[in-house]
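The following features are taken from Swiss-Prot:
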type    : residues                     : note
BINDING : Cys91, Cys96, Cys102, Ser337 : [4Fe-4S] cluster 1 binding site
DOMAIN  : 107-326                      : domain 'Radical SAM core'
BINDING : Cys122, Cys126, Cys129       : [4Fe-4S] cluster 2 binding site
Amino acid sequence: MLARVWVRGLAATKKKPQVLVKDGPSLQDFISSASVAEAVEKYEGKLKLEKGDRRLRLPPWLKKEKILPSENENVSRLKKQLKHLKLATVCQEARCPNLGECWGGSDDSLATATIMLMGDTCTRGCKFCSVKTARAPPPLDPMEPENTSTAVASWGVEYIVLTSVDRDDLPDGGADHLRKTVQLMKLKKPELLIECLLPDFAGDKISVEKMATSGLDVYAHNIETVERLTPWVRDPRAKYRQSLDALRYAKEVSPKLITKTSIMLGLGEAEDEIKQCLADLRASNVDVVTFGQYMQPTKRHLLVKEWVTPEKFDQWAEYSKKLGFLYVASGPLVRSSYKAGEFYLKNVLRNRQN
(Lines of atoms letter the chains of each structure in order from A and count residues from 1; the text may use other names and numbers.)
(Lines give C-alpha, C1' and ligand atoms only; values in the text may rest on other atoms or scores of the structure.)
Protein backbone atom coordinates (compact mmCIF):
# COMPACT_ATOMS: atom_id res chain seq x y z
CA MET A 1 0.00 0.00 0.00
CA LEU A 2 1.24 3.51 -0.75
CA ALA A 3 2.02 5.89 2.04
CA ARG A 4 -0.04 4.42 4.73
CA VAL A 5 1.80 6.56 7.23
CA TRP A 6 0.28 9.68 5.72
CA VAL A 7 -3.39 9.51 6.30
CA ARG A 8 -6.24 10.74 8.41
CA GLY A 9 -9.98 11.25 8.10
CA LEU A 10 -13.32 9.88 9.64
CA ALA A 11 -14.96 11.74 12.53
CA ALA A 12 -16.20 10.00 15.65
CA THR A 13 -19.73 9.71 16.94
CA LYS A 14 -19.95 12.79 19.11
CA LYS A 15 -19.81 16.09 17.23
CA LYS A 16 -17.76 18.99 18.47
CA PRO A 17 -17.46 22.56 17.12
CA GLN A 18 -15.47 22.80 13.88
CA VAL A 19 -12.89 25.40 13.00
CA LEU A 20 -12.47 26.13 9.30
CA VAL A 21 -8.97 27.16 8.29
CA LYS A 22 -7.63 28.63 5.09
CA ASP A 23 -4.09 27.40 5.43
CA GLY A 24 -2.33 24.26 6.63
CA PRO A 25 -1.73 23.43 10.28
CA SER A 26 0.56 25.72 12.23
CA LEU A 27 3.89 24.38 13.43
CA GLN A 28 2.67 25.18 16.91
CA ASP A 29 0.33 22.22 16.44
CA PHE A 30 3.36 19.96 16.41
CA ILE A 31 5.80 21.22 19.06
CA SER A 32 5.57 22.29 22.67
CA SER A 33 8.43 24.82 22.57
CA ALA A 34 7.62 28.51 22.95
CA SER A 35 8.86 29.12 19.42
CA VAL A 36 9.99 27.03 16.50
CA ALA A 37 13.20 28.99 16.13
CA GLU A 38 14.09 28.40 19.78
CA ALA A 39 13.50 24.66 19.47
CA VAL A 40 15.77 24.42 16.44
CA GLU A 41 18.44 26.69 17.93
CA LYS A 42 18.66 24.71 21.17
CA TYR A 43 18.93 21.36 19.43
CA GLU A 44 22.54 20.15 19.67
CA GLY A 45 22.13 16.82 17.91
CA LYS A 46 22.89 16.01 14.29
CA LEU A 47 20.41 16.80 11.54
CA LYS A 48 22.00 14.50 8.95
CA LEU A 49 23.07 10.87 9.22
CA GLU A 50 26.82 10.49 8.71
CA LYS A 51 28.87 7.41 7.86
CA GLY A 52 29.19 5.20 10.91
CA ASP A 53 26.13 6.63 12.68
CA ARG A 54 23.56 4.06 13.82
CA ARG A 55 20.63 6.49 13.79
CA LEU A 56 19.71 10.10 14.46
CA ARG A 57 18.38 11.26 17.79
CA LEU A 58 14.79 12.52 17.72
CA PRO A 59 14.76 16.36 17.74
CA PRO A 60 12.42 18.27 20.08
CA TRP A 61 10.06 19.49 17.36
CA LEU A 62 9.07 15.90 16.61
CA LYS A 63 8.22 14.93 20.16
CA LYS A 64 4.52 14.72 20.95
CA GLU A 65 2.62 13.75 24.06
CA LYS A 66 0.89 10.44 23.41
CA ILE A 67 -2.74 10.05 24.40
CA LEU A 68 -3.48 6.57 25.64
CA PRO A 69 -6.94 5.01 25.24
CA SER A 70 -7.48 5.08 28.99
CA GLU A 71 -6.83 8.83 29.03
CA ASN A 72 -9.53 9.87 26.56
CA GLU A 73 -13.05 8.53 26.11
CA ASN A 74 -13.09 9.34 22.39
CA VAL A 75 -10.02 7.19 21.79
CA SER A 76 -11.48 4.27 23.72
CA ARG A 77 -14.93 4.55 22.11
CA LEU A 78 -13.64 4.78 18.56
CA LYS A 79 -11.29 1.84 19.07
CA LYS A 80 -14.13 -0.35 20.35
CA GLN A 81 -16.48 0.63 17.53
CA LEU A 82 -13.95 -0.11 14.82
CA LYS A 83 -13.04 -3.45 16.39
CA HIS A 84 -16.72 -4.44 16.66
CA LEU A 85 -17.28 -3.67 12.97
CA LYS A 86 -14.05 -5.47 12.01
CA LEU A 87 -12.71 -2.34 10.33
CA ALA A 88 -8.97 -1.66 10.17
CA THR A 89 -7.51 1.82 10.62
CA VAL A 90 -4.28 3.03 9.11
CA CYS A 91 -3.78 5.08 12.27
CA GLN A 92 -3.01 1.88 14.17
CA GLU A 93 -1.48 -0.22 11.39
CA ALA A 94 0.94 2.48 10.25
CA ARG A 95 1.68 3.80 13.75
CA CYS A 96 0.74 7.35 12.84
CA PRO A 97 2.35 9.90 15.20
CA ASN A 98 -0.89 11.91 15.35
CA LEU A 99 -3.14 9.05 16.50
CA GLY A 100 -3.69 10.32 20.03
CA GLU A 101 -4.44 13.87 18.93
CA CYS A 102 -6.86 12.84 16.19
CA TRP A 103 -8.65 10.00 17.93
CA GLY A 104 -8.90 12.06 21.09
CA GLY A 105 -10.17 15.21 19.42
CA SER A 106 -10.22 18.61 21.14
CA ASP A 107 -12.53 21.51 21.90
CA ASP A 108 -12.18 22.89 18.37
CA SER A 109 -11.94 19.75 16.25
CA LEU A 110 -13.63 16.41 15.68
CA ALA A 111 -12.06 13.15 16.76
CA THR A 112 -10.82 11.50 13.57
CA ALA A 113 -9.42 8.24 12.21
CA THR A 114 -8.82 6.72 8.78
CA ILE A 115 -10.54 3.55 7.62
CA MET A 116 -8.25 1.11 5.80
CA LEU A 117 -10.18 -1.07 3.38
CA MET A 118 -9.49 -4.52 1.91
CA GLY A 119 -7.96 -5.87 5.10
CA ASP A 120 -4.84 -5.08 7.09
CA THR A 121 -2.34 -7.01 4.95
CA CYS A 122 -0.67 -5.57 1.85
CA THR A 123 0.84 -7.41 -1.11
CA ARG A 124 3.66 -4.87 -1.28
CA GLY A 125 6.55 -4.30 1.07
CA CYS A 126 7.64 -0.68 0.97
CA LYS A 127 10.68 -0.01 3.13
CA PHE A 128 9.11 2.90 5.00
CA CYS A 129 5.83 1.26 5.96
CA SER A 130 4.88 -0.91 8.95
CA VAL A 131 1.68 -2.41 7.54
CA LYS A 132 1.77 -6.23 7.36
CA THR A 133 2.66 -7.81 4.02
CA ALA A 134 1.93 -11.15 2.33
CA ARG A 135 1.90 -12.53 -1.20
CA ALA A 136 -1.63 -13.85 -0.76
CA PRO A 137 -3.61 -11.91 1.87
CA PRO A 138 -6.97 -13.22 3.10
CA PRO A 139 -9.92 -12.86 0.69
CA LEU A 140 -11.86 -9.61 0.69
CA ASP A 141 -14.72 -9.36 3.13
CA PRO A 142 -17.83 -9.06 0.92
CA MET A 143 -19.64 -7.27 3.74
CA GLU A 144 -16.98 -4.60 4.17
CA PRO A 145 -18.57 -2.03 1.79
CA GLU A 146 -21.92 -2.38 3.56
CA ASN A 147 -20.41 -2.33 7.07
CA THR A 148 -18.18 0.63 6.30
CA SER A 149 -20.90 2.71 4.68
CA THR A 150 -23.34 1.95 7.49
CA ALA A 151 -20.79 2.90 10.14
CA VAL A 152 -19.82 6.16 8.46
CA ALA A 153 -23.45 7.14 7.90
CA SER A 154 -24.22 6.53 11.58
CA TRP A 155 -21.29 8.66 12.71
CA GLY A 156 -22.76 11.66 10.92
CA VAL A 157 -19.49 12.94 9.45
CA GLU A 158 -19.22 15.52 6.66
CA TYR A 159 -15.80 14.52 5.32
CA ILE A 160 -14.27 11.05 5.32
CA VAL A 161 -10.92 9.70 4.19
CA LEU A 162 -10.68 6.09 3.05
CA THR A 163 -7.45 4.31 2.26
CA SER A 164 -6.52 0.75 1.40
CA VAL A 165 -3.74 -1.76 1.22
CA ASP A 166 -2.41 -2.79 -2.20
CA ARG A 167 -3.98 -5.98 -3.52
CA ASP A 168 -1.89 -7.05 -6.51
CA ASP A 169 -3.35 -10.53 -6.06
CA LEU A 170 -6.71 -9.30 -7.39
CA PRO A 171 -7.32 -8.80 -11.14
CA ASP A 172 -8.52 -5.21 -10.71
CA GLY A 173 -6.46 -4.43 -7.60
CA GLY A 174 -9.68 -4.22 -5.61
CA ALA A 175 -11.15 -1.31 -7.60
CA ASP A 176 -14.65 -2.82 -7.78
CA HIS A 177 -14.67 -3.38 -4.01
CA LEU A 178 -13.55 0.19 -3.31
CA ARG A 179 -15.95 1.67 -5.87
CA LYS A 180 -18.86 -0.17 -4.26
CA THR A 181 -17.89 1.22 -0.85
CA VAL A 182 -17.84 4.79 -2.14
CA GLN A 183 -21.15 4.40 -3.98
CA LEU A 184 -22.89 2.94 -0.92
CA MET A 185 -21.62 5.84 1.19
CA LYS A 186 -22.97 8.36 -1.31
CA LEU A 187 -26.26 6.47 -1.49
CA LYS A 188 -26.73 6.51 2.28
CA LYS A 189 -25.45 10.05 2.72
CA PRO A 190 -25.34 12.04 -0.56
CA GLU A 191 -23.86 15.15 1.06
CA LEU A 192 -20.84 13.22 2.39
CA LEU A 193 -17.50 14.36 0.96
CA ILE A 194 -15.19 11.42 0.31
CA GLU A 195 -11.42 11.39 -0.09
CA CYS A 196 -9.79 8.12 -1.12
CA LEU A 197 -6.06 7.50 -0.75
CA LEU A 198 -5.65 4.86 -3.41
CA PRO A 199 -3.06 2.39 -4.76
CA ASP A 200 -1.62 2.77 -8.26
CA PHE A 201 -3.57 -0.33 -9.38
CA ALA A 202 -0.38 -1.53 -11.11
CA GLY A 203 -0.93 1.12 -13.77
CA ASP A 204 -4.29 -0.30 -14.87
CA LYS A 205 -6.25 2.63 -16.33
CA ILE A 206 -9.56 0.80 -16.13
CA SER A 207 -9.20 0.51 -12.35
CA VAL A 208 -8.13 4.15 -12.04
CA GLU A 209 -11.18 5.20 -14.06
CA LYS A 210 -13.49 3.07 -11.92
CA MET A 211 -12.41 5.01 -8.86
CA ALA A 212 -12.22 8.43 -10.52
CA THR A 213 -15.85 8.05 -11.63
CA SER A 214 -17.10 6.35 -8.45
CA GLY A 215 -18.47 9.53 -6.93
CA LEU A 216 -15.51 10.33 -4.67
CA ASP A 217 -14.51 13.98 -4.29
CA VAL A 218 -10.75 13.79 -3.71
CA TYR A 219 -8.56 11.27 -5.56
CA ALA A 220 -5.36 10.85 -3.55
CA HIS A 221 -2.33 8.75 -4.45
CA ASN A 222 1.04 9.35 -2.84
CA ILE A 223 4.20 9.81 -4.87
CA GLU A 224 6.10 9.30 -1.57
CA THR A 225 9.58 10.42 -2.62
CA VAL A 226 11.68 11.73 -5.50
CA GLU A 227 12.27 9.69 -8.64
CA ARG A 228 15.86 8.64 -7.82
CA LEU A 229 14.91 7.21 -4.43
CA THR A 230 11.70 5.49 -5.51
CA PRO A 231 13.25 2.04 -6.24
CA TRP A 232 15.02 2.13 -2.88
CA VAL A 233 12.11 3.43 -0.77
CA ARG A 234 9.07 1.80 -2.36
CA ASP A 235 8.19 -1.72 -3.42
CA PRO A 236 9.67 -2.51 -6.88
CA ARG A 237 6.14 -2.62 -8.30
CA ALA A 238 5.51 0.98 -7.24
CA LYS A 239 7.06 3.14 -9.96
CA TYR A 240 7.45 6.92 -9.95
CA ARG A 241 6.10 7.48 -13.47
CA GLN A 242 3.31 5.00 -12.87
CA SER A 243 2.14 7.06 -9.90
CA LEU A 244 2.22 10.27 -11.95
CA ASP A 245 0.25 8.58 -14.72
CA ALA A 246 -2.43 7.41 -12.28
CA LEU A 247 -2.92 10.94 -10.93
CA ARG A 248 -2.93 12.44 -14.41
CA TYR A 249 -5.43 9.94 -15.78
CA ALA A 250 -7.80 10.34 -12.83
CA LYS A 251 -7.98 14.06 -13.61
CA GLU A 252 -8.48 13.39 -17.32
CA VAL A 253 -11.51 11.16 -16.85
CA SER A 254 -13.02 13.31 -14.08
CA PRO A 255 -11.79 16.93 -14.40
CA LYS A 256 -13.78 18.19 -11.38
CA LEU A 257 -11.93 15.86 -9.02
CA ILE A 258 -9.39 17.29 -6.63
CA THR A 259 -6.20 15.25 -6.99
CA LYS A 260 -3.80 14.99 -4.10
CA THR A 261 -0.41 13.53 -3.20
CA SER A 262 2.20 13.51 -0.44
CA ILE A 263 5.98 13.62 -0.19
CA MET A 264 8.14 12.35 2.67
CA LEU A 265 11.28 14.33 3.46
CA GLY A 266 14.39 13.08 5.24
CA LEU A 267 15.22 10.06 3.08
CA GLY A 268 18.26 11.57 1.41
CA GLU A 269 16.57 13.59 -1.32
CA ALA A 270 18.26 16.69 -2.78
CA GLU A 271 16.50 20.04 -3.15
CA ASP A 272 16.71 19.96 -6.94
CA GLU A 273 15.07 16.53 -6.89
CA ILE A 274 12.19 17.82 -4.77
CA LYS A 275 11.71 20.73 -7.16
CA GLN A 276 11.64 18.36 -10.12
CA CYS A 277 9.11 16.16 -8.34
CA LEU A 278 6.87 19.16 -7.70
CA ALA A 279 7.18 20.21 -11.34
CA ASP A 280 6.21 16.69 -12.42
CA LEU A 281 3.17 16.79 -10.13
CA ARG A 282 1.97 20.13 -11.47
CA ALA A 283 2.48 18.87 -15.03
CA SER A 284 0.18 15.99 -14.07
CA ASN A 285 -2.46 18.50 -12.86
CA VAL A 286 -2.18 17.52 -9.20
CA ASP A 287 -4.06 20.04 -7.03
CA VAL A 288 -2.87 19.34 -3.49
CA VAL A 289 0.49 18.36 -2.03
CA THR A 290 1.55 17.70 1.56
CA PHE A 291 5.03 17.39 3.05
CA GLY A 292 5.95 15.50 6.21
CA GLN A 293 9.02 14.14 7.96
CA TYR A 294 9.83 10.47 7.35
CA MET A 295 10.05 8.68 10.70
CA GLN A 296 11.38 5.14 10.98
CA PRO A 297 8.49 2.97 12.26
CA THR A 298 10.69 0.05 13.41
CA LYS A 299 14.36 -0.95 13.33
CA ARG A 300 13.60 -3.10 10.28
CA HIS A 301 12.73 -0.08 8.18
CA LEU A 302 14.79 2.59 6.45
CA LEU A 303 16.90 4.86 8.63
CA VAL A 304 16.12 8.56 8.72
CA LYS A 305 18.82 10.30 6.70
CA GLU A 306 17.93 13.83 7.78
CA TRP A 307 15.77 15.72 10.24
CA VAL A 308 14.23 18.49 8.18
CA THR A 309 13.73 21.65 10.24
CA PRO A 310 10.33 23.31 10.62
CA GLU A 311 11.72 26.37 8.84
CA LYS A 312 12.58 24.24 5.82
CA PHE A 313 9.06 22.82 5.73
CA ASP A 314 7.75 26.40 5.63
CA GLN A 315 10.04 27.14 2.70
CA TRP A 316 8.74 24.15 0.75
CA ALA A 317 5.18 25.28 1.44
CA GLU A 318 5.88 28.72 0.00
CA TYR A 319 7.71 27.29 -3.00
CA SER A 320 4.83 24.92 -3.75
CA LYS A 321 2.20 27.63 -3.49
CA LYS A 322 4.09 29.67 -6.08
CA LEU A 323 3.89 26.70 -8.45
CA GLY A 324 0.10 26.93 -8.32
CA PHE A 325 -0.99 24.10 -6.04
CA LEU A 326 -4.54 24.62 -4.76
CA TYR A 327 -3.55 23.70 -1.22
CA VAL A 328 -0.28 22.86 0.55
CA ALA A 329 0.24 21.43 4.05
CA SER A 330 3.86 21.21 5.16
CA GLY A 331 5.26 20.40 8.59
CA PRO A 332 7.28 17.76 10.46
CA LEU A 333 4.23 15.78 11.59
CA VAL A 334 1.90 16.58 8.73
CA ARG A 335 0.43 13.49 7.12
CA SER A 336 -1.38 13.35 3.79
CA SER A 337 -4.86 14.02 5.15
CA TYR A 338 -4.17 16.08 8.23
CA LYS A 339 -7.48 17.34 9.59
CA ALA A 340 -6.85 21.02 8.88
CA GLY A 341 -6.52 20.12 5.23
CA GLU A 342 -9.78 18.22 5.36
CA PHE A 343 -11.66 21.26 6.63
CA TYR A 344 -10.08 23.41 3.94
CA LEU A 345 -10.87 20.97 1.14
CA LYS A 346 -14.39 20.60 2.47
CA ASN A 347 -14.96 24.32 1.92
CA VAL A 348 -13.43 24.20 -1.56
CA LEU A 349 -15.65 21.29 -2.57
CA ARG A 350 -18.79 22.87 -1.11
CA ASN A 351 -18.07 26.10 -2.99
CA ARG A 352 -17.66 24.17 -6.23
CA GLN A 353 -21.01 22.47 -5.68
CA ASN A 354 -22.83 25.77 -5.07
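Just so you know, glycine gets a Cβ as well, placed from its N, Cα and C.
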Express the predicted model's confidence over the domain 'Radical SAM core' (107-326) as a mean pLDDT, rounded to an integer. 93
Cβ neighbour count (within 10 Å, all chains shown) around Cys126 ([4Fe-4S] cluster 2 binding site): 24
Where Cys129 ([4Fe-4S] cluster 2 binding site) sits in the secondary structure, as DSSP reduces it to three classes: coil
